[in-house]
């Protein structure tokens with residue numbers, strides 16, 4: 001075997017269909033077989049900075065193969081830590097629920113959810129190459145999210161300066177991620193990247209302004225709300241050429257549902273982490289019921305996850321896509337409130353009655369989660385619908401809510417949790433009737449394997 005270096009294009013010295021790059025390459029000549037194999041030798045500059053490739057999205061009836069980036073899974077792990085930081089803020093707010101602290105808690109959850117969609121849309125559109133520059137830029141972006149999550153602190157007086165500075169750092173690092181596309185991408189990609197960099201610079205300035213307003217919570221709330229509205233509009237509302245690149249709606253829809261799993265993981269981690277070293281039978285029963293409630297949340301959410309373009313809200317009108325994403329903005333804080341309610345149930349499991357605050361917290365938060373799931377399901381254009389089934393679902397939820405809010409304080413915590421778990425389990429079984437489900441759930445022999453993942 002001989003190794004021959006050549007400066008000819010790779011496809012001229014290799015077999016047909018070889019790598020089409022005009023750069024220095026190495027030809028490996030196998031004398032025994034008589035074949036020529038070509039291996040591209042990337043330059044030092046290529047190793048330092050490579051331009052991410054725009055992914056193919058397929059046509060309206062199908063989807064292009066989607067290779068999940070390991071960075072995306074790494075960010076999923078980071079957001080489990082983010083959920084813990086948000087949960088601490090929810091605990092502080094529930095201990096003294098002032099209007100300003102409630103507003104900041106909701107807004108901060110919106111901020112982190114939009115950060116989730118920010119990197120999701122990047123990986124949805126572009127395939128990274130593992131070069132040094134992009135890797136370090138994504139590291140800075142991930143680090144800024146971690147630092148934001150540990151800087152939430154007590155938010156009765158607003159967001160601290162450190163949180164706002166780290167939020168501005170996330171804007172700068174994401175702008176750095178778009179620099180290679182701005183320099184070396186295609187015409188449409190360069191236009192898109194330039195606009196993103198300019199808008200991220202505006203976000204950075206607004207976060208610095210918000211940090212300087214610490215001690216003026218009412219004004220700071222307004223500035224943070226402006227940032228949220230602006231970021232959401234850029235990512236999901238504006239449709240001009242400078243704001244839109246093709247995206248894979250199936251992957252984006254799956255990522256919406258993955259966000260639910262992240263916060264469900266935080267609920268389970270909290271229940272296990274805060275359990276007493278020696279659990280009584282009542283506490284063990286409360287843990288079992290809490291896990292069943294989490295399981296019903298998972299079932300009721302993912303059973304209505306579509307697998308085809310024509311059954312997906314994000315592939316329909318712009319208004320449907322916006323409403324579908326808005327529903328997910330509310331899910332994190334609702335799931336974290338449910339987490340605190342289930343923790344109280346486990347702590348109070350041995351009591352003969354349940355405190356009214358616990359009943360209201362666990363019931364209302366669970367009903368809000370169910371209502372969001374129903375809205376999401378209604379936004380998907382599923383074909384097999386039944387008004388009677390919808391009325392039955394709503395009636396069951398309404399009866400459970402009224403019963404617990406009126407009489408729950410007289411019931412033991414295990415009965416309250418058992419009622420919620422039973423209703424959730426019944427609704428999940430009710431879905432087996434096949435109404436308001438995507439086609440792959442209605443057909444017994446359909447392939448239910450997640451596509452493109």
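Numbers here mean position along the shown chain, with the first residue as 1.
Backbone N, Cα and C atoms are what each Cβ position is placed from, and that goes for glycine too.
Taken from TrEMBL, the feature transmembrane segment covers 73-94 (among others).
Annotated transmembrane segment per TrEMBL: 100-123 (among others), in sequence order.
The transmembrane segment annotation in TrEMBL covers 135-153 (among others).
TrEMBL lists 159-183 (among others) with the feature transmembrane segment.
Away from its own ends, the transmembrane segment (195-216) comes close to residues 157-161, 163-165, 167-168, 171-172, 174-175, 178-179, 182, 223-224, 226-227, 230-231, 234, 242-243 of its chain (Cβ-Cβ under 8 Å, at least six residues beyond either end). What TrEMBL records for 195-216 (among others) is transmembrane segment.
Positions annotated as transmembrane segment by TrEMBL: 222-243 (among others).
Annotated transmembrane segment per TrEMBL: 318-338 (among others), in sequence order.
Within its own chain, the transmembrane segment (358-376) is flanked in space by residues 94, 293, 297, 300-301, 304, 313, 323-324, 327-328, 330-331, 334-335, 337-338, 340-342, 344-345, 348, 393-394, 397, 400-401, 404-405, 408-409, 413, 416-417, 420, 424, 427, which lie at least six positions past its ends and keep a Cβ under 8 Å from the stretch. The transmembrane segment annotation in TrEMBL covers 358-376 (among others).
Here TrEMBL flags 388-408 (among others) as transmembrane segment.
Taken from TrEMBL, the feature transmembrane segment applies to 414-435 (among others).
The transmembrane segment (135-153) makes contact with the transmembrane segment (73-94), as judged by at least three Cβ pairs under 8 Å among residues 6 or more apart in sequence.
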